[in-house]
Amino acid sequence: IELKAEKDGVSDTESKVDSGVPEVPVPPDDTPEVLNKALSGLSSRWKNWWVRGILTLAMISFFFFIIYLGPMVLMMIVLCVQIKCFHEIITIGYSVYHSYHLPWFRTLSWYFLLCVNYFFYGETVTDYFFTLVQREEPLRILSKYHRFISFALYLTGFCMFVLSLVKKHYRLQFYMFGWTHVTLLIVVTQSHLIIHNLFEGMIWFIVPISCVICNDIMAYMFGFFFGRTPLIKLSPKKTWEGFIGGFFATIVFCVMLSYVMAGYRYFVCPVEFNNDSNSFQVDCEPSELFQLQDYALPSILESVTGWTTVRLYPFQIHSIALSSFASIVGPFGGFFASGFKRAFKIKDFANTIPGHGGIMDRFDCQYLMATFVNVYIASFIRGPNPTKVIQQLLALRADQQLHIFNSLKAHLIEKGLLPALEEAAA
């Protein structure tokens, strides 16, 4: 028993501590029969390599396809992924705590998911598509009372939970109540940030996700062929060789990808609603972030390359920060997920994708990356948006607009800008 525990990367002490945790049943092998027959002559190590590789190519192809379909389809895919991740984590909770028969709890878990999504998506629509909201009377009313409606919906679920409490099951019901809310915090909040990044321009959605995917693939490849030194006990198969190789490969890949994407308005322009065509569009005059500029090279690089300057998009500089985070800090999302799975003695969150596990197994690092990108945009990229300010001013009453106009006029006169503007107009 001791040898088996050491082989699995679990110490004897840890085994004793976790002995009270019920094990989730291991799902059967879900590899398609076609692949099983085609790869039957290979060892389990190489069979897993080919299964993961084939399914990875299939997922990347699907990713390209949904990018082609546009930002609104991407938003729906994010919602579908969020729901599936929520389902996988909640199902683990039900299995671990044997809570299938708790009254109303499965229904309440999905009800809370609905409430939280209503709140976040309502906030997003109001923030990014203010013109559409103000034009439609039902949307304008829902927007005005959105937070009150969201609170009322959540309060209803809270009261339903209290009424569903059953004697002898109090502790278990509160366990699952906490489990549901932590899952909502991890999954729904992060997917909401992904959608915010998407509406800033698809490049802020595609590049970070691609950085994580590239790092995951290249770390696996370097670790598979060159890995010798274990990286962290939580994931015994992770190696320093894979970690370092994935880091450099990810930076090179993301700089090149950014250069290609930054030249297309379809990727760099934010998603906006066009009143004239009554549709969502991605078209704008690219900002300085997506216009080529000359940068002087450091003397060391100049002596090596023979170049004095290099022509880059400013976004490529930012992509180095994004890819560095995806390579250095991003994997900790995977380590966190590994610790979670080890705590409950499961290999994967689910068996949705052969060779990869569940959807959550593929998105554990993506959610951490989404939070970083959102914070990065707010801290270093996004500035005051005059269009949104004007939209909000037009929604005010006439007397409020006049008051703001007079205040702004007085401020400009005090700064000495208004007379200069009047002379220029004359």
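Yeah, the Cβs are placed from backbone N, Cα and C, and that goes for glycine too.
Curation plays no part in TrEMBL annotations; they are all automatic predictions.
From a predicted model like this one, the values you see are computed outputs, not experimental measurements.
Quick look at what TrEMBL lists:
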{"type": "COMPBIAS", "residues": "1-17", "note": "compositional bias 'Basic and acidic residues'"}
{"type": "REGION", "residues": "1-28", "note": "region 'Disordered'"}
{"type": "TRANSMEM", "residues": "104-121", "note": "transmembrane segment"}
{"type": "TRANSMEM", "residues": "148-166", "note": "transmembrane segment"}
{"type": "TRANSMEM", "residues": "173-195", "note": "transmembrane segment"}
{"type": "TRANSMEM", "residues": "201-222", "note": "transmembrane segment"}
{"type": "TRANSMEM", "residues": "243-267", "note": "transmembrane segment"}
{"type": "TRANSMEM", "residues": "315-337", "note": "transmembrane segment"}
Review point. Of the stretches 104-121, 148-166, 173-195, 243-267, 315-337, which racks up the most C-beta pairs under 8 Å with the transmembrane segment (201-222)?
Key: 243-267
Point to revise | Same-chain residues near the transmembrane segment (315-337), Cβ under 8 Å, at least 6 residues beyond its ends | key: 203, 207-208, 211-212, 214-216, 219, 232, 234-235, 238, 243, 246-247, 250-251, 253-255, 257-259, 262, 268, 289-290, 349, 360-361, 364-369, 372-373, 376, 380-381
**Study point:** Close approaches to the transmembrane segment (243-267) from elsewhere in its chain (Cβ under 8 angstroms; 6 or more beyond its ends)
**Key:** 201-203, 206-207, 210-211, 214-216, 218-219, 221-223, 226, 231, 282-284, 286, 290, 312-313, 315-316, 319-320, 322-324, 326-328, 331
